[in-house]
Every structure is written in C-alpha cells, then in structure tokens.
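Taken straight from TrEMBL:
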REPEAT    202-236  repeat 'PPR'
REPEAT    268-302  repeat 'PPR'
REPEAT    303-337  repeat 'PPR'
REPEAT    338-372  repeat 'PPR'
REPEAT    630-665  repeat 'PPR'
REPEAT    702-732  repeat 'PPR'
REPEAT    735-769  repeat 'PPR'
Amino acid sequence: MFRLLSQPCLFLHTLADPNFQSRIASTISRQKWSELKPIIQSSTPADFLRQLFQFDNFDTDLVVSFFKWSQKRCEATFSIEDHVRLFILLANENKYPKLRSLLHTFPKQAEALSISTFCHSLLTVSDNACANIVVFDMLISALVSNGKVDLAFEGFMRAGDYGFKLSVRSCNLLLAALVKNGRTGNVEFAYKEMVRRRIGMDLITFNTVVCGLCKAGKLNKARDVVEDMSIHGVTPNVVTYNTLIDGYCKRGGHKLLSEMEEKGLKYDVVTYNVRIGAMCKSGETRKAVRLVDEMCKRGVNPSHVTYNTLMDGYCKQGSLKAALGVKKRMEKEGKRPNVVTYNVLIKGFSQSGKLEEANRFLNEMLEKGLVPNRITYDLIKEEMMEKGFLPDIDGHLYSDLAVERALVGAFEYGKEHIQNLVAQHHPSFAYHAAGREIFASEIQEAIYGLQVFDKMSMYNNLLSLLHNHSRRRRGIQQIHCHLLLSKPLVNSIISLLVLWNSIIKHYALSRFPQDALSLFKHLSNQRSPFPFDSITYSYLIKACANIKRTDVGSQLQSLSTKAGFDINVHVQTALVNMYADSRYLVEAKKVFDGMPDRNMVTWNVLLTGFVKWSEIAAARAIFYAMPDKNVVSWTGLIDGYTRANRFHEALHLFRMMVAHEGIRPTEVTLLAAFPSIWNAGSLEFCQMIHGYGEKSGLNVLDVRVVNCLIDAYSKSGSIGSAWRIFEEVDDERKNLVSWTSMISAFAMHGMAGEACDCYKKMESKGVVPNSITFLSVMSGCSHGGLLAEGLEYYRKMVDDYGIMPEIKHYGALIDMLGRAGRLEEAEKIALGVAMDETGNVMVWRTLLGACSFHGDVEMGERVARRIMEIERRYGGDYVLMSNIFSAAGRFGDSEIVREMMDARNASKLAGITLSTCRHFLWL
C-alpha cells in the first residue's frame, strides 16, 4: 500500500486520511518497520514525526515506538523542539515512566544542548504550565544522572527566569552530585537559593548540604544548617549527627554525641564507625577496641567497615598480630573477610617487609573466590613487584602484571601471546606504556569478571567505558586493543561502526589526534574495508584540523566525496573548520559556498575562522549575511573587534546584543568582552557586567568571570570594588589566577604592602605561585619602595620554587635597585643578562631611567652607548640622555643629543590623556 507514496506532498495528503492513519498505527504496533521505509524515503523521519503530532487520536505509545526506531535503525536526528513536543505529549497524558526514560537518553543524543534553547522550545511548544514544569524538572534529574552537572546547575540557576519550579527530588540529586564533585561553593549557593525560592526541603536536602559543608571543613556553617532544620519543620536524624561527628572527629565530637542523647537518638553502626575511624587515625586503637565492645553491649552489630578500620589502625602501628586477631574475631562472628579486608592485610604486611605473608593473603583471597579490585593490583605492583618480589599465585599472575591488564585484564593471556598478537594486528601499540593506567580491571569486570557473554551487553559496556574515560588516551587504547585482539562483539555492522566511530571520536578530540588517522588507515587496509559513514569522516577531518594537516584533510575530502558525503552538512562543516583554522580562508569559503545546506554551526565556524586571522571586515560581512544569529555568532564578532583593538566597537556590539536583540550572553561572551572593558577604562560597563553576572549566576558558575572582574575593576580605577569581589569568593574556588590578579591590582595602584600581604595569604592557603605572580609582587615592591621585600621575593622565586627569571623579572629587579639608588648593582645585573636584542634593550632602558632620576651622568653615558648599539630609532632614549646632561649643566652635550635625534630621524610618541564621558572618548 505504501508504494503509491512517491512524492512528499502526496504522502502528507494521504496521511491526513483517518483510514490511512489507522493502517499506519497498525503497522507500527506490529513493528513491521520494513513497510514504513518507503514512507521515510519519501520524506524524513522528522517530518513524519511532526505529522504524527498533529493527530489527537494517534496513540502516544506508537509515536514513541516510531521515535526510537527512527533513531536506532535510520540514524535519524531530531531537533530539540521535536524532542520537546514528544516530552510534552507524554507529560500531558501522565506517562511519566516513559517520559523519564526518554529524558534520560536525551542529554547523550543532544551534544550541543543548552538550557536557554530547551526552555525557549518548551515555552514555544506548550502553554501547559504544569506539563512544562514536570518536563523541566525531569530534565534536571536526567542531566545529573548523565554526569552533566554544570548544565544541571545552570538549569537550577535559570529555572526562575522561565517560570519553572524544581521539585525537592531534583534539587537533592543536584546537591548530591555537587558534593560528589567537591563543588562545595555551589552547594552552599544552591542551598541559599532553595531557601530564597521557598523550595520545600526535606531531610535528604539538609543531610546532603551538611555533608558537603563538612567535607569542605566549614563546620560552623554546617552546624548553622542543622540549627535551621527546625525552622523548616525537619528534625535531624542519626545520619545528620553522624556526618557532623565525622567533621568534628578531632574537634570535640563528644559534644555532638551528648546532644544526640538529649534528643533521644540512638547511636547506630555508622556513628560508632566514625568514632572508631577517628581514634585509629589518632593512634588510639586500644580505645577503639573498647568502643567496639561497647557497641556490642548496646546491641549494635559491628560491620565489615568496623573491623577493617581496626585492622588498618593496627597495621599502621605495626601491630600485625593484633590485626590478625581482629580478623579471627571477625570470622568468629560470622563475617567473611571481603576484598577490603585482604587489601588492608596485604598492604600492612608488605609495608612491614613481610612479603611472603602478604602473598599468602593474596592466594587466600583468590581461593575464596574474591575478585581483586584496582587497589589490589596497585598493591601488588607498588608494594610487592617494585620491591623485587614476584607474586607466586599458581600461574595466575605473570612477571609483568601491568602488561596483562593493559589488554583485557588479568587471567586471560600470557605475555608472549599478547605481544605476538599485538605485533601481528597493530605494531604501533606500545603495550608496556599502555599498562600504566588502572583501567583494564574495569574491562575485566565489564566483560570477563561479570561473566557477561551476551554480545550486545559487551558492546554496550565498552561504549559506556569509552564515555566514562574519554579523556584518558591509554584507556581508549586498551579498548582499542581488545577489539583488535578479539572477535567482533556483535554481528551488526551498524553497531560495530558506532563502536569504531566512538574510538575515532575520542582519539580525534584527545591530545593525540594522529591515533584516529592511524586507526582509519588500519581499518581501510583490511581485506574487506570497513564501510564508514559521515560521522567517521567528520571526526577524521577534525583530527586533521587539530594537528594542522590540511594535506591529509584534503585527501579525506576526496574520499568523502567519493563516498557520497559531498553534500553532507556535518562533513562539509568539518572541512570549513579545518581550512579556516589553518588559515586557508579561500578554500574554506569555497567549501562553504558549495554547500547546498548550511546550519548555524557552519556559519559560526566560518565567522570564527575569519576572526581568528584578524580578517574583521570579512567576518563582519559574514555576520550580517547570516540568516539567524545566536550567542556564539555575537561572541565571535565581539572577540574579533577585541583582537583588532577596536574596543569601543566591541562594547557597542555587546550592548546591541543584550539591549536590542535580547540575547543572553554566556560566560564566554563576557570573557571576550572584558579586554575591551579594561582597555577602554569603562567603569560603567564593568559594573553592568558585574550586575548581570550576579543575577544570572555566572559569577558562581565560572571563576574566570570573577578573575576578569577583578582585573577590569582594578584597570578601571576601582581597586575597592576589585577587593570586595575577591573577598566574596570562597577560598576553595580561588585559583592561582584569582590571587595573581588581586596582587597585580594592588601593585598597579601602588599598594605594595597590600600586595605583599595578599601574597603571604595565598602562600598560607597552599597555592603555588608562578612566574607571573612573582612579577606582580616584585612590581608592587618596586613602585612602593620595598626593596628588601622585593629582593626576598626574587630569591624565593629562584631558590625555593626553581623558576628561571625572564626579561621582565630582570627589569623589575633593576627598577627596584635603580629607584633605591643602588645603580652599580643594577648595572652588574644588566651586564649579566643574556637575552635577545629586544630583551637587552628593555633592561638597559630601565637602567637609563634610573640614571636620569638620580642624575648619574657617567653611568647614563655608558648605558646610552649600549642602547645605541642595539637600537637607534627610539626617541625616548635621546630625550632621557638629553635631560641627564641638562640636569648636570652640560647644555652643549644636551643640544648635541637633540641634534643627533633629528639627524637619525628618531621619534617619540606624544603623550595623550583619555577620558570617557557619556559614551564618547575625549582626548
């Protein structure tokens, strides 16, 4: 019946027929997908889905089935708006399990997902406020589940802007993820936002916040949160106090225990374990044993954690017999030792030099059927093998365990067998290097250790491992090796293609893109070459762009054209990016002009390519020719104006974007605009962006915005505002750039004492300074006349931190000595500087300025002669020397220098004063 539908218009007309709709519904419900292919070929899956949305009587479950089939079998791509329509359809019919399932996979499919785009689509598609809130709330949960915590936190921050309210469940998931990632500053901020928005918080909320604050050492704030619980009608439980006791374990935890008793809360096993852990850490293991006896009397059964903690405490004290006594007691009470137990014993006996006994425990663990984990492998390698002891485990482990688990985990192949297979399949792999990462045990657990023999499950497990370890080259290599040495995991070419594409993608986006090209070459030289798709070519071209190999990229362009991808928007966009990134702008424009379809990414890639190479006029023409512009487009042109030193035009464009177009800038936009702000000295713009950052939460999301604000305020003359922003940032969020920016701000404003104090505070926080930090504090000391302190910082930089001085450090040092009148020492340092001509002339010029200040004519003449040997066309040198002669009463010599300046056509730029008034620049 579908053969008649050869034209899209006929297809849409026929789909409007109710009888035809019912037949399609029957086809989908019976999963006769082959009968749908003629329809899909006459249109697109996305168009077909949009037509299905228009019919109220069409079963939603069938729409979902078609949606999943299109993605899986047809590799169809749907827009965010298509996804949102489907989500709203399910929400309106209260089909929340299916909605939750689709939303869980949505972040993986939508790589370029942004909160603002999703929210705009949600408000455009649906006017049902309840359904919108449900979908957005589930999206936040899905983002957290997929590890996209930054995006989830951004959604939490912007929910109020779109009229959405989050449930306490989603907020709890987000808080738990923030605590897990150590982002305690965000946890504290999110808690305050929940209080402000009056989101009903439960016991899990408070316990999660208390846990995060305790981990960060903010015990007083954690205690304040516990006290706030009663205000919100929540009563602290044992978990609350256990968390606090863990934080206070070395600072008077007994007070909290008495407070628990007053509130009628009984100690549980976690309470005792926390106290036992604290005692063992402080060396009070005997007290810990007595506490175990007490918990048994109170009817609380010790857990594995209890006994393992005791054994670890005894092992650290060297009391190995006592540790074995704890193990026997554990076994008497019916608790079988677990992997952690044996790891503790192996570590304790190995560190005490009793390697044979450690080997006995390793054998005992294997005999009991326990699977070693990563820590076990590390102990074998670091505590036993590196000390020259070869474990004897009935042939299970070999002399080079790292080689074994580099491939597919321990217990699978022999060393020689592995190396022969590798040499046969892929000679370029260095197995001994790949084995340094603790990764193969995960492959073993995913494929062998769990005895998973279902091929599709193995395939999914490997994909999951690739996703979780995408930044680790050796991890990707190990999965790559496994695929090369084993039979194909699945019979489906499409599934294998997805797996190889994932490996190529991760190689291409890593620091070693050449590996992607090597893999492609290897697969292409097989007896039956692998059928690659557009995704393969897109990432291979990306790899060429990353290593600047346009010659290889042009060959891939020819191959992709032969394969029929010359009109594929993704492949062609990758080509535009490669050529533009390598400054082949003519070729990039040629590919762009030949594309029948262009998306927003294509336009933005071409725009940023021209911006990168300072072709601002062409970039501006591209910008105004774009059919649609998003925040990336505006950011690209703003960045271009900034790079070209056209600061006022950049700020004007920023104002147009926000005020006239209503586009919300991202943190990248702000970072692109900041150089224009401080170069233009616009305090008003600085305050405006500061306010926007506070309102949108960008100041919390990205510390780079805060660092730029500090810089911008100081360069705009408001050192007080810079200091206030710096003080408002939590210490754990401050990085080296934050401290260096503040030190530089103080130095710039002549506040040398404050710059030194800031440096000392930074050092006390454990932040390691770099060369720029020292340059900033030395410059402050130079301008503030703190010679002794400046020399001490120079000594610290060289002796304590091993940083080699650069030309600017020598300049600051000479400037310090010169201002203090110690010109001879400054001259000796200048003579010892071995730099290029540009560097040397800077050093001598600094010394000449000091000679002019102190009126040292003799040294001034020597210094001037050295400068003239390097550079004769800079008029400032002649002016300084003329002034030195004039101050000494040698007016004839001063006149000679002036004449020499005219004869050599040397010039000096005249000084100007800039001020901004009502957005105009005045000279």
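Each position is counted from 1, following the chain as shown.
Even glycines carry a Cβ here, placed using N, Cα and C.
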Residue distribution over DSSP helix, strand and coil in the repeat 'PPR' (338-372): 26 helix, 0 strand, 9 coil
Residue numbers, six or more beyond the limits of the repeat 'PPR' (202-236), whose CB comes under 8 Å of its CB atoms: 168, 171-172, 175-176, 178-179, 182, 184, 187-188, 191, 194, 243-244, 246-248, 251, 263, 265, 732
The repeat 'PPR' (702-732), counted residue by residue under DSSP: helix, strand, coil: 23 helix, 0 strand, 8 coil
Counts of helix, strand and coil residues, the repeat 'PPR' (630-665), according to DSSP: 27 helix, 0 strand, 9 coil
The repeat 'PPR' (202-236), counted residue by residue under DSSP: helix, strand, coil: 23 helix, 0 strand, 12 coil
Within the repeat 'PPR' (735-769), residues counted as helix, strand or coil by DSSP: 26 helix, 0 strand, 9 coil
For the repeat 'PPR' (268-302), the number of residues DSSP places in helix, strand and coil: 26 helix, 0 strand, 9 coil
DSSP-assigned states of the repeat 'PPR' (303-337) in counts, ordered helix, strand, coil: 27 helix, 0 strand, 8 coil
Overall pLDDT for the repeat 'PPR' (268-302), taken as the rounded mean: 81
